[in-house]
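> What Swiss-Prot lists as signal peptide is 1-25, and the listing cites experimental evidence. Residues or ranges marked as active site, proton donor in Swiss-Prot: GLU182. The region 'Disordered' feature in Swiss-Prot is assigned to 370-402. What Swiss-Prot lists as compositional bias 'Pro residues' is 378-398. Per Swiss-Prot, the feature domain 'CBM2' maps to 395-484; the stated evidence is sequence analysis.
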Amino acid sequence: MSIFRTASTLALATALALAAGPAFSYSINNSRQIVDDSGKVVQLKGVNVFGFETGNHVMHGLWARNWKDMIVQMQGLGFNAVRLPFCPATLRSDTMPASIDYSRNADLQGLTSLQILDKVIAEFNARGMYVLLDHHTPDCAGISELWYTGSYTEAQWLADLRFVANRYKNVPYVLGLDLKNEPHGAATWGTGNAATDWNKAAERGSAAVLAVAPKWLIAVEGITDNPVCSTNGGIFWGGNLQPLACTPLNIPANRLLLAPHVYGPDVFVQSYFNDSNFPNNMPAIWERHFGQFAGTHALLLGEFGGKYGEGDARDKTWQDALVKYLRSKGINQGFYWSWNPNSGDTGGILRDDWTSVRQDKMTLLRTLWGTAGNTTPTPTPTPTPTPTPTPTPTPTPTPGTSTFSTKVIVDNSWNGGYCNRVQVTNTGTASGTWSIAVPVTGTVNNAWNATWSQSGSTLRASGVDFNRTLAAGATAEFGFCAAS
């Protein structure tokens, strides 16, 4: 599209400025793991953060919270990766966002949607959080069956993929692109029909992206029913990879990431959810739809989720069984749907106040990640005791202490106000609960990730649920805006 080829010098400079040193390279090793260019295995503890793919053209929730506040909270909960959906109109240089409370997000005032996308990606990158971009909808409204529609051509799709790849290829923590969200309906695989074969379109899309961003990963989803090489029925959009067994993808194996989607009864009640053997019937279904390829390809779920007990009662059972199955396949990562609470059929990690956390969902995800805590070890036999000399008593060590230092970072300033972030670090030798005071100018009118009060030129702040207690050496962060 011509609008992308006439991007202003300023926009290009902004894109290049996102890079913090040379870009990382991501690939798939022989053990089907994602690794960076140092050979370090990358585990994606991910969540979907949506909004840029909608008519708002910006991440949702900014009517209720500060955007950096949410990113800090994500990271504090243990997420280290996001899948970030977008739509073509968001990429246009003249598209403006909607539904932002600028009193909470003053640094976004006057920015286009693309400029905000740049800032959001740059913030994730600065925090060492991985980003998988996702071409989600062609019209910023509904999910299309194919990669093109009557008003959005394949040529436009390929141009958009190239544009995104070129813009973010040098941002170290952007690891790749999900070529098309949830092919379904008319989409086929391996039939020889060029108009509908998603596998061939994915190969063309991959070639377009890798020609521009050769260090990226390419995420490819499945389809739904297929006339060949597929047992059909009961498949969620993007969830059927069965035809891959008959028609492999001509995409470099060290760049290919299979990323099917799967959901439970909160999204749609498939017949197998009513089976008398549910949920014990599910592993065989998952194995058929996508799991059979976990032994030959890098595979994770690009979307999965649900209300987890606050909708259809079976959904919690389903999600628990899914995580158990994934762990059995050696899959300990993926992108949960969603961070946002305003996903009607799944809810989110956040509740409707855009702040409170579904701790039960986090417990589920930590089980998937393998960070839920150690299980009780199997007892070992008690050995026959042998006499030992009485040891010399050792002095009781002095308990550790916690002390806290602060670092104030200026985020934005303008005539009449400013926004700062404050990093609080436990410089002591034991964990502790932080409460600090920092000098301020003017009147604080908004703060996030802290309980706060102002007395004169002093801002007093203490942690909230997810960041209140810091281990020795750990850092929390909160922010505030003030009228000066």
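The backbone N, Cα and C atoms fix where each Cβ goes, glycine too.
Looking at the shown structure, can you explain where the listed features end up?
In sequence order, ILE143, GLU221, TRP237, GLY238, HIS261 make up the list of same-chain residues 6 or more apart from GLU182 (active site, proton donor) whose Cβ falls under 8 Å from its Cβ.
For the domain 'CBM2' (395-484), the mean pLDDT of the prediction comes to 83.
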> Going by DSSP, is GLU182 (active site, proton donor) part of a helix, a strand, or coil?
coil
